[in-house]
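To start, the structure itself, in structure tokens.
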Amino acid sequence: MERRRITSARRSYASETVVRGLGPSRQLGTMPRFSLSRMTPPLPARVDFSLAGALNAGFKETRASERAEMMELNDRFASYIEKVRFLEQQNKALAAELNQLRAKEPTKLADVYQAELRELRLRLDQLTANSARLEVERDNFAQDLGTLRQKLQDETNLRLEAENNLAAYRQEADEATLARVDLERKVESLEEEIQFLRKIYEEEVRELREQLAQQQVHVEMDVAKPDLTAALREIRTQYEAVATSNMQETEEWYRSKFADLTDAASRNAELLRQAKHEANDYRRQLQALTCDLESLRGTNESLERQMREQEERHARESASYQEALARLEEEGQSLKEEMARHLQEYQDLLNVKLALDIEIATYRKLLEGEENRITIPVQTFSNLQIRETSLDTKSVSEGHLKRNIVVKTVEMRDGEVIKDSKQEHKDVVM
């Protein structure tokens with residue numbers, strides 16, 4: 001490298017004028033692009049050897065300063081080359097990573113998101129269908145429950161009516177029982193009356209017989225004995241006929257009353273038995289309907305509990321799906337932001353690379369110019385054109401870059417600026 005520096009220093013003599021013409025504000029580290037206008041200096045007709053010593057001294061001084069400047073430039077150039085290589089490697093790595101992200105990850109993530117979204121939508125549709133089915137079943141059960149409640153109300157009304165009828169039948173049975181007891185008491189009183197009348201009749205008959213016997217004895221004693229046997233027989237026959245007719249009438253009246261009371265009691269007993277049978281049937285039906293109602297209430301409570309659980313589970317799953325969707329959207333947004341950041345970094349690296357390429361090209365032009373002017377004698381430059389190029393880079397879609405290029409040209413003569421022009425190229429796609 002030292003040998004290269006010395007050789008480069010020996011080859012060029014006019015670089016001092018170039019560097020001095022740039023001035024302290026135009027250091028080469030700012031990387032402007034220089035273009036030197038072609039000059040044709042006038043050749044002297046004679047060579048004045050009296051100036052050789054002064055020229056040799058100036059030449060040595062110039063060569064020393066040129067060597068120092070060239071060594072510094074070579075060091076800076078080497079460091080820039082290494083930096084460019086490092087940045088190119090990083091650029092390649094980032095470009096490969098960016099291409100990989102563009103080629104694979106978005107598609108894979110999009111497929112994953114689409115699959116998860118399809119699955120979540122499918123599960124949401126299933127849950128919606130299940131919820132609708134459960135609502136229909138709930139409505140059906142509610143309708144069945146209303147029907148059963150109406151039936152229960154009807155059966156309750158029938159039971160109340162049967163209980164009212166049973167109470168009426170019981171009252172009638174009680175009245176019939178009271179009537180039967182009254183009739184039995186009347187029958188007993190009539191039997192007692194018959195017995196009393198019979199005793200009275202027998203007593204009267206006995207007294208009459210005694211009277212007849214006394215009259216017969218008295219008659220036999222006083223007068224002649226009349227024919228009283230026939231009269232007595234007739235009287236006895238009359239009394240026996242009257243007593244027999246009274247007994248028959250009393251027995252017939254008793255039998256008719258007893259038959260009527262027996263028929264009424266049997267009818268009332270049959271009605272009571274039917275009422276008891278109907279009450280037992282109603283009681284069994286009421287028990288069965290009560291059991292059915294309790295079973296339906298339990299089924300309704302179970303279905304309502306299942307429906308609430310389904311609604312709560314549906315709400316939880318919907319909330320989890322919404323959270324998953326929000327999380328996926330956040331991840332997608334973060335990935336987009338990360339990709340945008342990578343693109344921005346890649347753009348910044350491209351800008352740095354472009355600036356370094358411009359700087360390298362500037363150094364290459366300088367070195368080539370120095371090597372091409374190795375055979376030109378020492379002269380002063382009367383004209384110097386300085387061209388500066390600035391870039392404003394914009395990123396466009398689909399991986400292309402759009403830049404604004406500004407070219408500034410400064411023409412100098414004898415250290416004075418005689419022309420300053422500026423040209424701008426907008427939206428140049430690269």
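Think of each number as a place in line: the chain as shown, counted from 1.
Backbone N, Cα and C atoms are what each Cβ position is placed from, and that goes for glycine too.
Between the listed residues ARG11, ARG38, ARG121, ARG133, Swiss-Prot assigns omega-N-methylarginine to ARG11, with no corresponding entry for the rest in that record. Swiss-Prot marks one residue of ARG20, ARG63, ARG206, ARG316 as omega-N-methylarginine, namely ARG20. Note: the CA-CA distance between SER320 (phosphoserine) and SER79 (phosphoserine) rounds to 57 Å. For the region 'Coil 1B' (113-211), the neighbouring stretch richest in Cβ pairs under 8 Å, chosen from 70-101, 228-249, 250-253, is 228-249. Secondary structure at ARG267 (citrulline), taken from DSSP and collapsed to helix, strand or coil, is helix. Across the structure, SER79 (phosphoserine) and THR147 (phosphothreonine) are spaced 96 Å apart at their Cα atoms. Tertiary proximity for the region 'Linker 2' (250-253) is limited to same-chain residues at least six positions away from its ends with a CB under 8 Å from its CB atoms, namely 190, 194.
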